[in-house]
Amino acid sequence: MLDAQTIATVKATIPLLVETGPKLTAHFYDRMFTHNPELKEIFNMSNQRNGDQREALFNAIAAYASNIENLPALLPAVEKIAQKHTSFQIKPEQYNIVGTHLLATLDEMFNPGQEVLDAWGKAYGVLANVFIHREAEIYHENASKDGGWEGTRPFRIVAKTPRSALITSFEFEPVDGGTVAEYRPGQYLGVWLKPEGFAHQEIRQYSLTRKPDGKGYRIAVKREDGGQVSNWLHHHASVGDGVHLAAPAGDFFMNVAADTPVSLISAGVGQTPMLAMLDTLAKEQHTAQVNWFHAAENGDVHAFADEVSELGRTLPRFTAHTWYREPTESDRAQRLFDSEGLMDLSKLEAAISDPAMQFYLCGPVGFMQFAAKQLVSLGVNNENIHYECFGPHKVL
């Protein structure tokens, strides 16, 4: 526990942190990668270049300082970050490196004096121990499962299937021929790659896209403009190639009773965790209402449409609605969509009126903000809305 003086000293630095903003974390990362370049093998350098990770770390530091005397308020954020850390195989000793550079950054940018640095050192130590303890639990849980493992495990690609102009699915099976650990629908897989020509090892998290079967895993990857890993997977990865995988993880998952109605709301590649949820609901013959609401640019980039239809037909109470923002003439001729333009949930108010319904959202942050605002305006409780951000977390 932190003493009152330490808490007061840390909280007194909040105005300085807010005034400095993400420049603080930019300095921190630049310093850390200069002194410990081996960490470039772990961090997503694309998120470093676009600033997303720097903004996310700043928000986390500011949130910790603001809630330092109320750590339970931070536990949801701790769980989200700890789950992601296990996908990167973060180790306790790496927290010492981060702590060293965080304190050095505070000293170099603000010269706040030893009392402030000591207070932040104590505060960081408490938070680091919370993460280390929770991550140790997750590592143990993953290794103890049937088909589970520690660290990373070699797999090979056994299927590569284009699903749209931008999305391709990949299926993996373990090289050792053993079983693989189950996961909760909505969780992701840690994919570790360092192909020829990559400056650093790259680690990405991709949502699992079907119900666990104990034999292997399936993900689906959108080819991003300028995306190093997604373009390599689309253009160079082949059936038979090897990859290393970290065990499934993530704090976003579906956990509902058979009589709980569910709405799965997505845009673009945000449908990937929803596919695992829908597959699970279908395989378990979910008896309550299931809604599948999806938005895409047009039919060229709309993936898994046939699979969703097939799964939906097996459910006793299923409603699907698809929006195309800019449908092609072919889309119109084939009637591949239900509505044109942006997703408008007010048209389907009757399908989402049950107060017990749980809503799962995934897609671009702007889309999720747009959809969540509509749901709240239609009377949905915020507690019933669950969402996943691809990349560093953002608050809707």
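Just so you know, glycine gets a Cβ as well, placed from its N, Cα and C.
Taking the Cβ of TYR95 (active site, charge relay system) as reference, residues of its chain lying under 8 Å away and at least six apart in sequence are, in sequence order, ALA128, PHE131, ILE132. Taken from Swiss-Prot, the feature active site, charge relay system applies to TYR95 (among others).
In the three-state DSSP assignment, the secondary structure recorded for GLU135 (active site, charge relay system) is helix. In sequence order, ALA82, HIS85, THR86, ILE90 are the residues of the chain that are 6 or more apart from GLU135 (active site, charge relay system) and have a CB within less than 8 Å of its CB. Here Swiss-Prot flags GLU135 (among others) as active site, charge relay system.
Around HIS85 (heme b binding site), taking its Cβ as the centre, 21 other Cβ atoms fall within 10 Å, counting all chains. Per Swiss-Prot, heme b binding site is recorded for HIS85, and the stated evidence type is similarity to another entry.
For the recorded site, GLY270 (NADP(+) binding site), the DSSP three-state label reads helix. According to Swiss-Prot, the feature NADP(+) binding site maps to GLY268, VAL269, GLY270, GLN271, THR272, PRO273, an assignment based on similarity to another entry.
Look at Swiss-Prot and you will find 1-136 tagged as domain 'Globin', backed by sequence analysis.
Marked as domain 'FAD-binding FR-type' by Swiss-Prot: 150-255.
What Swiss-Prot lists as region 'Reductase' is 147-396.
Annotation source Swiss-Prot lists site 'Involved in heme-bound ligand stabilization and O-O bond activation' at TYR29, citing similarity to another entry.
Annotated site 'Influences the redox potential of the prosthetic heme and FAD groups' per Swiss-Prot: LYS84 (among others), in sequence order. Neighbours of LYS84 (site 'Influences the redox potential of the prosthetic heme and FAD groups'), defined as other CB atoms within 10 A of its CB across all chains, total 19.
Under the heading site 'Influences the redox potential of the prosthetic heme and FAD groups', Swiss-Prot lists GLU388 (among others). When secondary structure is read from DSSP and collapsed to three states, GLU388 (site 'Influences the redox potential of the prosthetic heme and FAD groups') falls in the strand class.
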Distance, GLU388 (site 'Influences the redox potential of the prosthetic heme and FAD groups') to GLN271 (NADP(+) binding site) (CA atoms, angstrom): 11
Counts of helix, strand and coil residues, the domain 'FAD-binding FR-type' (150-255), according to DSSP: 8 helix, 46 strand, 52 coil
Among TYR29, LYS84, GLU388, which are recorded as recorded sites, the nearest neighbour of VAL269 (NADP(+) binding site) by Cα: GLU388
Residues close to NADP(+) site centre defined by GLY268, VAL269, GLY270, GLN271, THR272, PRO273, Cβ within 8 Å: SER207, ALA220, LYS222, SER266, ALA267, MET274, LEU275, CYS362, GLY363, PHE390
